[in-house]
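TrEMBL annotations:
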- 23-203: domain 'UmuC' (DOMAIN)
- 27, 121: Mg(2+) binding site (BINDING)
- 32: site 'Substrate discrimination' (SITE)
- 122: active site (ACT_SITE)
Ligand SMILES: [Mg+2]
């Protein structure tokens, strides 16, 4: 449930030029509460509040309940004081998730597969590929809103703009049950009428910091130079982001993301083993297998999970989420080794010849948190940047090979070359020496 500020004045007709406005942000209204009313029609028109129990907080509230001042993250006990006649229901996440899957499958996915699901009730959509059939983004928004309302008794709000930032701000201001198109030449004006907190990502701490500099609206932000913004918020990166956002500019692509899916490989040893060397070799094979499968499908993964099954058939898993998504064995494998050591409490000083404390029957790894490689911003990690500056110091500039390429880039190139060899000569033709 969104608590982002809305402006009544922003919910107006901004014009009808849809040129370049191919990003939609869809946000279902009071989703949990709407679904409860949908399956209990007798609750229609009553204040419905999801989240009950003496120590719980409000997860969602119908618009009728919001009129009493009930809001998300408020203690349920407080909501009861504000709205004593409210209908308080427990959270039924399995039901909300099931309905979310149905709505995404049966309505949103009918338009395009370029959908970035943000949560059960919210997504971005890149409709540029669907315009041949639909002609106008607003026709798509109108159709989805009608379908979801008629079939599931849930209303949704839709923002239409040229980028994710403005589309999201538009859907927020379209609520409830509305649609707002912000033409490209109105992006700056629309964004600049908002209070600071109207920009997603400006939280209470940053707001306080900016207020202390006398900046109390997005229009004030837009009047500042990037240098003074950097002084105000103490970060060049953040200043650059604010500079762009205050003009309604956002370069992030809609990135289809499938949080639930994973790709994995595992194998049972011929006989149980205590050899770290053998377990590592198996994990190396699994990483290579999974990485080439990721590359084949054009995916990158952020989360690595190692799985071990022991001689007594009990098993253990441990996961790590990385700062950026990867698709190479050279990036996945070191994470697996670190996880293996952590799971079995093996100190970093112990080499591969040290016996494992338990007998291992099966080992494997999987990659999850998958996103399409094409839509990802290529952002070097801090390690890459450090390595580059080291390399520049030792080699000087203008080295003929791999100018501007990080070690990670070069390893990725090697693995792609390996993919090509395997496509030609079969999967056993070459393997990776990490
Ligand atoms: Mg919502």
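Cβ coordinates come from backbone N, Cα and C, glycine included.
Among the recorded positions 27, 32, 121, the residues whose Cβ lies under 6 Å from any atom of ligand 1 are, in sequence order, 27, 121. The secondary structure of residue 121 (Mg(2+) binding site), as reduced to three states from DSSP, is coil rather than helix or strand.
Across the structure, residue 122 (active site) and residue 27 (Mg(2+) binding site) place their CA atoms 4 angstrom apart. In the three-state DSSP scheme, residue 32 (site 'Substrate discrimination') falls into the helix class. Sequence-distant neighbours of residue 32 (site 'Substrate discrimination') (same chain, six or more apart, CB under 8 Å from its CB) are 50, 59, 60, 91, 92, 96, listed in sequence order. Taking Cβ-Cβ distances under 8 Å and a sequence gap of 6 or more within the same chain, the neighbours of residue 121 (Mg(2+) binding site) are 27, 28, 31, 96, 100.
Ranking the recorded positions 27, 122 by how many Cβ atoms sit within 10 Å of each one's Cβ puts 27 at the top. Taking the domain 'UmuC' (23-203) as a whole, pLDDT averages 94 in the prediction.
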